Amino acid sequence: MSSKGSKMQNSSKRKDSESAEKSDAQKSKKPKLASSKSDKKHHTIQNQKPREQHGKPKFGKPKSFGDNDKFVNLSAKERRIQAKEEAAARKKRRKPHYTLEQELTSLWEKMRRRDIAKEDRSKLISEAIQKMKGKIPEIASSSVSSRVLQTCVKYCSQAEKEAVFKELHTRFVNLAFDRYAVHLLTKMLDGASKQQRAVCISSLRGHVARLLRHMSGSIVVEHAYQLGNAAQKQELLGELYSTELQLFKGLTSTTEKGVVDIIAKLGLQKGAVIRHMTAVIQPILEKGIADHSIIHKLLIEYLTIADKASAAIVIQQLTGTLLTRMVHTRDGSRVAMLCIKHGSAKDRKMIIKKMKDHVRKMASDQFGSMVLACIFTIVDDTKLVTKMFVRELMEKATLRDLVMDKNGRKPLLQLLHPNSSRYLSHDDLASLDLSVPSLCSMDDSETPSQTKDSDGGESGEEAKDEQEDMVTENTDIEENIRVAGSKKDPLLRRQELLVNSGLAEILIDVCVENAEEFIKSNVGKEVMYEVAVGGSDGILCPSLSEKLCELYKAITSVAAKPKPEKSEKNSEHILEDFQSSRTIRRLVLDCPAFASILYKEALSGKCRLWAQGHCSKILSAYVETQDLQVREMAKEELQVLVDEGALKISETKKTE
């Protein structure tokens, strides 16, 4: 019994010792990295450190606690440095010229400074070009290296420019498609010699249409077109006209002014030319590339030969935002005028609405101002034009700036005195008179059957069938086309835009407030004269005669000021100023009401004092005027000066 009890006691002691050893072993072991979901959740809630978790790999072997401690112990600055080093290592593996770009960047930061000496900049540029030698075409597409190359091309010597040019001219077309290299190419064209520029332009041969369809490539073609001479421009445009001109060089010369002359000289088929130009133009317009002058020239030439349906399609495509981006060039403004002339009422309304936010900028632009003048001349919906355009120009500050601007005054003068060769150049008048031949009423009277029979082609019956097919296909388009011009009476349209809108009244107030400045200005005097005489056909006189009297008195009050002394050079009297004296003379001859007020309040009893210099032209106008009352009013005082020889009049007037 005792032996059994001792055995049981020993076994219990053994079990107790084993359990104790197990508990000690569990305490001494490190915590496992992988735990149950409940333990993980509990652990993340207790010790949540999101910033320490950042940077751990998503997959792969987890870090040990020793490495984790090192990562956690890094400061924020050290972590940033480590991240930069890792990013630089990745870029170095990805970019073959990363180290070179870093060196060029450090040089560029020094050479592009404005306060650097020329010798120091030349040394830095030479060093940069030496580093890039043999690698320029490869690094020209980089955003960093392209900027360095632009600065080098701008300031480097001629020998260094030639070295850069030799490496780039063979890759000119390929680089033109790159969004960073395009700026380098335009800079290179600016600083290139005539021979180098000719090589660059000739390298574009065969690729002009493809480049114009690309956002970056079109910039290079436009820049080359702007810098090229007449022959080079014709060469670039020729590819867009016909396949023959794209394949064979030297078929055209500068004597051919347009595509019509080229067709006549080379005997090209008009239909083939239209199809080729359509295939070139459509993708360009679909991509919205409409800012370049070469495209505007292409559109003008296309509209001169296009048939009715093709011209209608192009006009509809241009109606909208594209047209507002074209009015800054000569040909672009002409395209806009053609769209306004031949567009439907719906098209015109859309064009005017899209241009509303650009009215002031257009009014001050050389060619945009003529588009406004065209709208004032053609569009019958005067309520829409008044709402969108006229009200934008009715602020006094805006009107003052327009009157004193050589371009801004054109829309105002077109309302006051339409189509005057005194205020509009021959080119401006030609732009207003342009039209699309296929959309004019004269061309509509001639049927296609008559044309084909006269050419000896298809018979009249076959042509009639073709005509019916064309009409059925393009019914929707041709319904929107209208003949150039408008139905409303021009005088009534001017009355509604100028007088009924309130523009004329505000314009007179601006002229009263700035009478001396306007009448002395070579630009502002024309608007001042037209307002004072009441405009063409006396459009202002019936309803605004009282306002015009205020303007006459404002001019007279300035003219009635005492004659300044010779020592006062800056303050020249308006009767002695060259510009103002000529304008006042015209007003005396053409506006009897102004002549009477001026004589009574400023010149009566003082004619001998003003009988010399530029003012003598004004006094002689009182003798030469056709108005009998004005002439009799000043005759008594002026005849004495004429008899004495103090006042001279023209020989033609003496004979009369």
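Every residue gets a Cβ built from N, Cα and C, even glycine.
Under the heading compositional bias 'Polar residues', TrEMBL lists 1-11. Per TrEMBL, the feature region 'Disordered' maps to 1-96, 440-474. Per TrEMBL, compositional bias 'Basic and acidic residues' is recorded for 13-27, 64-89. The domain 'PUM-HD' annotation in TrEMBL covers 103-471. What TrEMBL lists as repeat 'Pumilio' is 131-166, 167-202, 203-238. If you look up TrEMBL, you'll see 456-474 marked as compositional bias 'Acidic residues'.
Here the repeat 'Pumilio' (131-166) has, by DSSP, the following mix of helix, strand and coil residues: 28 helix, 0 strand, 8 coil. Through the fold, the repeat 'Pumilio' (131-166) approaches residues 97, 100-101, 103-105, 107-108, 111-112, 121-122, 125, 175, 178, 180-181, 183-184, 187-188, 191-192, 196 of its own chain, all at least 6 residues removed from its boundaries and within a Cβ separation under 8 Å. Under DSSP, residues within the repeat 'Pumilio' (203-238) fall into helix, strand and coil as 28 helix, 0 strand, 8 coil.
Looking at the repeat 'Pumilio' (131-166) alone, the prediction's average pLDDT is 89. Break the repeat 'Pumilio' (167-202) down by DSSP state and the numbers are 30 helix, 0 strand, 6 coil.
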